Amino acid sequence: MTQVSHQQWGEVPGLGSVDLWVLQSSQVRVEVLTLGAIIRSVYSRGKDGQMEDVVLGYDDLEGYVSDKRYLGALVGRVANRIGRGHFVVEGKDYQLDINNGPNALHGGLRGFNKAIWLATAVDGGIQLSLTSPDGDQGYPGEVQVSVSYTLQGETLTAEYQARSNKTTPINLTNHSYFNLAGQGAADMYDHVVSISAQSFLPVDDTSIPTGEIRAVEGTPFDLRKPVLIGPRLKEIPGPGFDHNFCLSSPGDTWAERHAARVCHPASGRVLEVSTSQPGVQFYTANFLDGSITGKGGARYRKHNSFCLETQNWPDAINQLAHHSPCLLPLCALLCRVWKAVC
């Protein structure tokens with residue numbers, strides 16, 4: 001049985017009050033903020049019986065208000081990158097704000113991660129909802145979106161729904177950074193990772209997919225069998241993993257699939273992720289640089305955590321061979337974007 005409670009956690013000037021919701025089962029405790037639908041904490045028990053918070057975050061609301069690394073946040077309207085912030089829908093050009101090199105990233109300068117969501121209790125969890133007006137961050141159409149976080153035993157499930165009155169791209173995900181040793185651990189080199197993908201998307205020097213869908217066979221991106229991540233990171237060109245792994249191909253039947261498994265042998269903690277989305281972006285915190293002070297005074301540095309961002313393929317709106325991210329008017333999007341077993 002999951003206990004659900006909430007309390008006021010602070011106030012954002014000009015936006016309103018922010019609540020902290022707690023989902024508590026016998027094995028796991030999850031904390032969620034109404035700001036950005038942020039997963040603030042996930043406490044999980046190790047083989048020594050001790051509960052540890054395995055999600056990076058901040059001690060206070062100000063940390064999340066000023067955060068630029070999307071710690072724990074729901075990102076949208078479009079997660080990941082859109083090349084040069086430009087796309088065409090129904091013959092009309094749209095130009096978004098540029099906030100990541102030459103590209104648009106994670107919904108814009110003030111994406112869904114900076115909005116205060118309306119929260120209501122549901123069986124075993126919480127539902128958060130938001131209305132994004134037509135033209136928000138440059139995107140067409142008014143979009144009504146919601147996410148439900150529910151906890152059953154050790155399983156945390158995120159289910160997203162969206163509806164628009166115009167054709168518009170939608171790609172939603174959660175951007176939690178995990179370290180199964182505990183959120184203050186120095187690195188995640190002792191984690192063992194596997195991802196159930198036969199192929200991945202190579203990227204250019206601005207992290208936009210090149211258009212090639214490349215087999216993982218014979219490359220450092222072959223994570224189909226468990227791999228100790230520290231040595232494997234030394235084989236990856238660039239600062240680390242920040243790539244889409246292809247869980248399904250365009251035209252495949254919609255289905256929930258196993259995506260990834262991460263194990264921390266020293267603590268005995270395991271994170272398993274499944275999703276109905278066609279891809280998972282595996283990111284190894286390449287751009288954390290020690291400038292962020294997190295919970296308990298921890299300094300968050302490069303490779304101290306990882307993200308498993310289940311989502312559509314990056315820049316899909318501009319790449320015809322990819323899964324279309326467009327939501328049509330009067331149609332509803334329903335997807336189990338992220339299901340994690342801690």
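Glycine too: its Cβ is placed from the backbone N, Cα and C atoms.
For reference, TrEMBL has these:
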BINDING   ASN80, ARG81, HIS175, SER176, TYR177, ASP242  beta-D-galactose binding site
ACT_SITE  HIS175  active site, proton donor
ACT_SITE  GLU309  active site, proton acceptor
Cα of SER176 (beta-D-galactose binding site) to Cα of GLU309 (active site, proton acceptor), in Å and rounded, measures 8
So if I measure Cβ to Cβ from TYR177 (beta-D-galactose binding site) and keep only same-chain residues at least 6 apart in sequence, which ones fall under 8 Å?
VAL55, LEU56, ARG69, LEU71, GLY72, ALA285, TYR300, SER305, PHE306, CYS307
State which of the following recorded positions has the fewest other Cβ atoms within 10 Å around its Cβ: ASP242, GLU309.
ASP242
Quick note, ARG81 (beta-D-galactose binding site): same-chain residues at least 6 apart with CB under 8 Å of its CB -> ASN100, ASN103, ALA104, LEU105, THR206, SER207, ILE208, PRO314, ASP315
Could you give the maximum C-alpha to C-alpha distance in Å for the residues ASN80, ARG81, HIS175, SER176, TYR177, ASP242 that bind beta-D-galactose per the record?
18
Of the binding-site residues listed here (ASN80, HIS175, ASP242), which is spatially closest to GLU309 (active site, proton acceptor) when Cα positions are compared?
HIS175
SER176 (beta-D-galactose binding site) has how many other Cβ neighbours within 10 Å of its own Cβ?
28
If you count Cβ atoms within 10 Å of the Cβ of HIS175 (beta-D-galactose binding site), leaving out that atom itself, what do you get?
23
